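What follows is a set of notes on a single structure, which appears directly below.
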Amino acid sequence: MSNIYQDSKAARNEHLEEKGTTHTEQVDMQQNLEARIRNPLQGIPRSQLMQDVEDFAQRKGLQEHVALLKKGALVAQDAANVHNIDGPEKLSSEELEILGDEVTHKWRMPMRLFLTIFTCSIGAAVQGWDQTGSNGATIFFPKYYGIGGTSDRDTIIVGLINAGPYIGSALIGCWLSDPLNNWFGRRGTIFFSANFCIWPVIGSALCHTWEQQLACRILMGIGMGAKASTVPIYAAENSPASIRGALVMSWQMWTAFGIMLGTAVNLAVYKVAGPLNWRLMLGAPFLPAVPLMALIYLCPESPRWYMKKGRFQEAWESMSKLRRNPIQVARDIYYISAQLEIEKEVIGNTTYVTRFTQLFTVPRVRRANLAAFTVMIAQQMCGINIVAFYSTSIFEQAFHNDPNPQFKAMIGSFGFGLVNWLFAFPAFFTIDTFGRRSLLLFTFPQMFWTLLAAGLCTLIDAEGSMAEARTGLVCLFVFLFGAFYSPGEGPVPFTYSAEVYPLSHRETGMGFAVATCLFWASVLGITFPFILNRLQTIGAFSLYAGFNVLAFIMIFFWVPETMQRTLEELDWVFAVPTGKFAKYQLTVALPWWFKRYILFRRNATKEPLYHFEKVATTAGKDSFANQAMVPSSDDERHH
């Protein structure tokens, strides 16, 4: 900890003590019993803050920007009262307008930011297409490789091949993301992963034995794991808090687009003669990885990564490409730096091993890890991947009376992929309005009853006059299931996991979260054929419908809201003990919800859990000033 920071901390402590607040209360990110979200600049006298800024600029090589940094520090210190800043740091009308636009026109962003999100979206499309290549090919390649029988051996091998990318991701790719990010940055890691999404994919189209196919798919998984652990972080770190959810959720939306594109290509090449059809299905996903490699170095590197490395001049240049005005750059650079100083004080210097250990031992990190683990494993518990992996096989059973059940099944898979993509669009407008937690709590009950209904419809006689109705109802409820999944559990897990960890643990934490998701995806891929054989569709769907109920309970008690908070302010959200958060949900939020929505008492009130103290979220015009200062309405809506 620098002497300069100690001096400013002492000045702030003196000011806080005058108000009856101790320094321990102010910075205890391990045990935030009061559930207060604090601004690290609050309480520092203006003269001391200006001196801190000068010292900061001198130490970080930003002397040419010192005047802007002073303005930015004052904006970050009290975002709600930027119009009252006077003296040499008084904001110009243009700067005030730009800050106001963050509330009134929050989608006005530089083109380089949109290029970054577009490139990340291509990476997501690669992920989705990689997942569906085997979906259609599964009904062809087992026979070619001599593993098309009904024995347990053949079933296990087919399951292993389908799960190969997830095995490679969970066991290797996700854990490489931390050292790769440390050495090469976000862009370098994405470039590295794109290579593994090209060459092994092409190789999988040329394999002549199942062993070769399994090896290629595991290698492909290395790229998928490193990419899935990095792209959402890269998007989150480059995005402003006001629209971060919408921009980062593009990962899931374009993953869904990749899934749909994969099913469309599977359908298009279905009637190609011989083994060429399934080889094209497996090899085609390399195509979007090529523009991913070409575009990634045209995007700015994450400013937070540069700051983590002490390269503040490059961080300034990068942030300048991602924000509209230098006042935003100065505010964000200084505010992030102030938060990182406190974060470093709490966590200290770490190695890869200690960072992994601290995912389970440091209270602030452990709570974030529990929440990320919950939303990630819930993605596998909800049952989406039993449809994504095996929709062709499931629909083939539904269409078994049709003269060409395989082709009809692939049409059904394409329909599911289309629904999955189209219904992801509403999340663009809801994820930063209603919040991550609310979307999950609304959609999980809907996934429960739609999946259960789809399973129950398979009990209708498949041979009699109701055969067509049976097929139609199964498809309807599977499509409804996808429609509820796409705006909720679809975009939230990767968005949420990318933002909840402190910068010091972001790569390791995201690697763990993605490994959790993809490991259980591989388990699901291997076991589902057995479940389907033993329990039939009704049993399999009912089992996963029950998992939706369990996932809902876990989310209700363990997953806090993160909407509209900067990445650094989330340190305080996850400093609230899990027991305190769960008790609040059970004793305050749940009774309020029952009174409001079951008994229809419109006058029901609820004490918010979090109390925000002038955090530097968004400045704005006078009519919007209180939004930045008192977001308790968010708590009433989301908690």
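All positions are counted from 1 along the displayed chain.
Even glycines carry a Cβ here, placed using N, Cα and C.
Those TrEMBL annotations? Automatic predictions, nothing curated.
The compositional bias 'Basic and acidic residues' annotation in TrEMBL covers 9-26.
The annotation domain 'Major facilitator superfamily (MFS) profile' is assigned in TrEMBL to 116-563. In the predicted model, the domain 'Major facilitator superfamily (MFS) profile' (116-563) has a mean pLDDT of 87.
Under the heading region 'Disordered', TrEMBL lists 1-26.
Annotated transmembrane segment per TrEMBL: 156-176 (among others), in sequence order.
If one looks beyond the transmembrane segment (188-206) by at least 6 residues along the same chain, the residues whose Cβ comes under 8 Å of a Cβ in the stretch are 123, 126, 130, 133, 173, 177, 180-181, 212-213, 216-217, 219-220, 222-227, 230-231, 234, 279-280, 282-283, 285-286, 289-290, 292-293, 296-297. Annotation source TrEMBL lists transmembrane segment at 188-206 (among others).
Positions annotated as transmembrane segment by TrEMBL: 218-236 (among others). Sequence-distant contacts of the transmembrane segment (218-236), counting only residues of its own chain at least 6 positions beyond either end whose CB sits under 8 Å from a CB of the stretch, comprise 116-117, 120, 123-124, 126-127, 130, 164-170, 172-177, 180-181, 186-187, 189-190, 192-197, 199-201, 203-204, 244, 247-248, 250-251, 302, 494-495, 497-499, 506-507, 510-511, 513-515, 518, 567.
Residues or ranges marked as transmembrane segment by TrEMBL: 248-270 (among others). Tertiary proximity for the transmembrane segment (248-270) is limited to same-chain residues at least six positions away from its ends with a CB under 8 Å from its CB atoms, namely 117, 120-133, 135-137, 231-232, 235-236, 239, 276-277, 280-281, 284-285, 288, 388, 391-392, 406-407, 410-411, 413-414, 416-418, 420-421, 424-425, 427-428, 431, 486, 490-495, 498-499.
Annotated transmembrane segment per TrEMBL: 276-299 (among others), in sequence order.
Positions annotated as transmembrane segment by TrEMBL: 370-390 (among others).
Per TrEMBL, transmembrane segment is recorded for 410-431 (among others).
Under 8 Å from some Cβ of the transmembrane segment (438-461) lie the Cβ atoms of residues 375, 378, 382-383, 397-398, 427, 430-431, 467, 469-470, 473-474, 477-478, 480-481, 484-485, 487-489, 492, 536-542, 544-545, 548-549, 551-552, 555-556, 559, 561, 637-638, all in the same chain and six or more residues away from its ends. Positions annotated as transmembrane segment by TrEMBL: 438-461 (among others).
Feature annotation from TrEMBL assigns transmembrane segment to 467-488 (among others).
Summarising the annotation, TrEMBL assigns transmembrane segment to 509-532 (among others).
According to TrEMBL, the transmembrane segment annotation covers 538-559 (among others). Below 8 angstroms of C-beta separation, residues 370-371, 374-375, 377-378, 381-383, 386, 436-437, 440-441, 444-445, 447-449, 451-452, 454-456, 458-459, 496, 528, 531-532, 578, 581-582, 585-586 of the same chain, each at least six residues beyond the ends of the transmembrane segment (538-559), sit close to that stretch.
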Surrounding residues of the transmembrane segment (370-390) on its own chain - C-beta under 8 Å, 6+ positions past either end:
131-132, 134-135, 138, 162, 259, 416, 436, 440, 444, 447, 451, 478, 481-482, 485, 489-490, 492-493, 496-497, 500-501, 509-510, 512-514, 516-517, 520-521, 523-525, 528-529, 532, 540-541, 544-545, 547-548, 550-551, 554-555, 558-560, 574, 578
